[in-house]
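As annotated by TrEMBL, transmembrane segment applies to 52-81, 93-109, 121-139, 151-169, 181-201, 213-232, 338-360, 367-391, 397-423, 461-481. The annotation domain 'Major facilitator superfamily (MFS) profile' is assigned in TrEMBL to 56-489.
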Amino acid sequence: MGVQENGNNMKYERMGSDAAEDEIVLTNILRHKKTAEEGVIVNNINSNTRKYVFACAILASLNSVLLGYDVGVMSGAIIFIQEDLKISEVQEEVLVGILSIVSLLGSLAGGRTSDAIGRKWTIALAAVVFQSGAAIMSLAPSFQILMIGRLLAGIGIGFGVMIAPVYIAEISPSITRGSLTSFPEIFVNLGILLGYISNYAFSGFPVHVNWRIMLGVGILPSVFIGFALFIIPESPRWLVMQNRVQEARSVLSKTYDSEREVEDRLAEIQAAAGIANAEKYEAKAVWHEILNPTPAVRRMLITGCGIQCFQQVTGIDATVYYSPTIFKDAGIKGNTELLAATVAVGFTKTMFILIAIFLIDKLGRKPLLFISTIGMTFCLFCLSFTLTFLGDGQGGIVLAILLVCANVAFFSVGMGPVCWVLSSEIFPLRLRAQASGLGAVASRVSSGLVCMSFLSVSRAITVGGTFFVFFMASVLSVAFVHKCVPETKGKSLEQIEMLFQNEGEWRRGEVEMRDAERLVHKQ
């Protein structure tokens, strides 16, 4: 196989000699090695770039605190809401699960909104809508008004969970994109922990006051989001889509140290956006391509939406929302003890997501997913067994707490952060916002259905039986990761798009890399 170069494009032709193929493979290896070494030098020269991108990723992820806090705080607040407003079990399920269902409206609208007003201002819109809902919930005199606030909060969360990973993926260099795109998941877990702590801290107040304080505290992050808007830039890829190339170049110059690399990335983005050949995608054309996908786009949608569904059907949101119910079934008595046990779950979830951040760009996406799904499968089976056969005893209580903590730990190491990283980086630029929104819809619908049925299913087949269902879903998730998820570590967003052009491309790429390494050793 021979190579012809024309500018930045490479064309491959079949040559008649294996030796010629070996020579070209070796040449490409050396070229890539040289490029990598140059990248290391650049990274060592200036740490300001890394600090700037790091700060942007943190600030863009603040919306995720809102989602996490709502999930965590509602698990405890619902105990006191039920007592204060005298709601039924069905109303409790609806109140908990409706947020995930309604958030699909925000996720669906978020793609088009972010293409229209930009990624940055969609982050702002998400915060405003959520905070309006949170204020209404904290002041609600009845279940009906509480539901109105819940609906608004859900729409805001839908915007937030869709746009933050997309924004961070589009602004981050390839070498750090995985860890930085995981930041929203870190902040979700931080929010869950803060929600659990809030439940425990305010549980001693009168019943008609404590849950209102718990929900009202969730308004505070909006202050920091307001400050963030004065610091973070607009996505360079969105700017290119708007033909604001000079502004995009200015943003890229802050995220890359090398002027040459800035121009290379800008050229890649322009090509992906279709500016080079004057292509222009309208919203209808984008949705037509998603609804009538090419084989490559179909594979992207299966991977992106599938991993989002498996993230939720394995029961993580139900575990977090209903952890007091789970521990009560295990034998813990008293609200204070139940809420204290949930703090341990939140702390574990937050600590292990930090481990994932350090590993995702070193170990890779797919190995972390295998570790996560296999570990969760084991924990869910053991938890089902414990709740069914060892409940009410002291040993059963301790084992149930340990298994719930282990389950969320394995989730946080892989399925939690990696699924958002994948869904934000596998789609081509012209489809990224809407397709990522579709993935977020898959996640939120799955979460809502699980959360809205958890209590009813548990009553029908017991809590232990429900976790056996989650175990079976987790077994399927292992097979899905093996079959449908490619490794995207270290590749630019444009290179990842090429992985899906031919079925099994990532597998062939891994084989070619192993052959190339053997060739280097021979030489």
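Including glycine, each Cβ sits where the backbone N, Cα and C put it.
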- Among 52-81, 151-169, 461-481, the stretch with the most Cβ pairs under 8 Å to the transmembrane segment (181-201) is 52-81
- Is the number of Cβ-Cβ pairs under 8 Å between the transmembrane segment (52-81) and the transmembrane segment (338-360) three or more, considering only pairs separated by 6 or more positions? yes
- Message: Could you check whether the transmembrane segment (213-232) and the transmembrane segment (367-391) come into contact, where contact means at least 3 Cβ pairs under 8 Å with the two residues of each pair 6 or more apart in sequence?
- Response: no
- Message: With CB pairs under 8 Å as the measure, which of the listed stretches 93-109, 151-169, 338-360, 367-391, 397-423 comes out on top against the transmembrane segment (461-481)?
- Response: 367-391
- Take a look at 93-109, 338-360, 367-391, 397-423 and tell me which one has the most Cβ pairs under 8 Å to the transmembrane segment (151-169). 93-109
- State the residues, same chain only, that lie 6 or more residues beyond the ends of the transmembrane segment (121-139) and have a CB under 8 A from a CB inside it; answer 'none' if no residue qualifies. 60, 62-63, 66, 70, 106, 110, 113-114, 145-146, 148-160, 163-164, 167, 212-213, 215-216, 218-219, 221-222, 225-226, 228-229, 232
